[in-house]
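K.L.:
Handing you this structure, nothing more for now.
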Amino acid sequence: MGTTFIVYLYRYYLFAITIVSNAIICSAAAWNLPIAQSANLPTQSHVDIYMIFLGAFSLLVVIPLVFTDAFFQRAITGHVWVECLWIDFLWLLHIVGSVLVTTLLPRDMCTPQVKSVDGNSCVSSKLILAFSWICTINLFIYLIFLVASAILHHKRDSSVWGAQVRSYPWYLHLYRHRLASGASLPDPLHRHQVHLPAPQPRRPIQLPTQAVPSSMHAIEHTLGQQRPGSPTTESRMLEARPTTLTSLYPLHIQAAWEAAEDSGPSSGSEGSANLHSPTFPQQHLRRSIADGPLPLWNWPRADIMSLPSRPTAARKKSPTAAPSSPVVEHPREPELGLSHSVSTSVLPTEFHV
């Protein structure tokens, strides 16, 4: 890539120096032509005309090529064979003009007779001579380099003549060969080799697989000891626990029933036994269900105005001589607010009914 960049730079340098040199040659020849005609020098006049034509023609060729190469990357004018042709043609024209200027102009235009006509005749002749040789030498160097490089690369790549001059990888094989040869040589900065220990194989550690039983093994072992037919302790407790519906009542009423159940029913009347028996809530619940559905079971509630009126039955009078029953004092519990007073007042009403 370094050689390609050098070719790229020298190519545009050649374009720039050719444009500048031919512009100066054309101007100096146009300046020198009237002096040669005034001094009656027809040969020098013809040389000046040729140099004017050469400068103008070179500008008309190089300037369009520069713009075409800058804006079109794959233009035909950038091919190797096309560039070799037009550079060779310009070099031949410039070498002829340089030889003519060298042999004719300074010898005749720098004489005292011509200087008497115009004192700047020698300056214009030397200016044409200098820039004609500058342009000729640069064209020749670039032409030799381009043709020689194309011939050398043709042995490796036959398509080099049709490739673009600025994008072709010139002398890339030399860089590859240099890198390949430099890789085999030791680094002079690091003369002392570092001896590293040879790697030793390490076998993986085999852990004992039966040292600790897994969780699944422990579960299978415990499950195997239990009898499938024997009930567990928790199931026995659940079976022994009575299924009552005391959870529908407040906590202080449930505590009172449990205390009465522990003390046992006395040998009193049947009403007192029914009061303290745990089946009383069940009987009350069955009676309330038979009377009618609870409000929560018949939701949403029907409109009370649309319901038919129910006949009210006369209440029976309670017997006057009711057997006396011993009064059981229940332990006083902390007051629970409004729910305590309401729930305690409901219990006697349900008993008389």
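Residue positions begin at 1 at the first shown residue.
Cβ from N, Cα, C; glycine included.
Residues annotated as compositional bias 'Low complexity' in TrEMBL: 262-273. What TrEMBL records for 259-279, 310-353 is region 'Disordered'. The transmembrane segment annotation in TrEMBL covers 12-31, 51-72, 84-107, 127-152.
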K.L.:
So which residues does the transmembrane segment (84-107) touch in its own chain, when a touch means Cβ under 8 Å and the partner is 6 or more beyond its ends?
P.N.:
18, 25, 32, 43-44, 47, 50-51, 54, 57-58, 61-62, 65, 77, 122, 125-126, 128-129, 132-133, 135-136, 139-140, 142-143, 146-147, 150
K.L.:
Apart from its near flanks, which chain residues at least 6 from the ends of the transmembrane segment (51-72) lie with a Cβ under 8 angstroms of it?
P.N.:
12, 15, 18-19, 22-30, 33, 78, 86, 90, 93-94, 97, 101, 128, 132, 135, 166
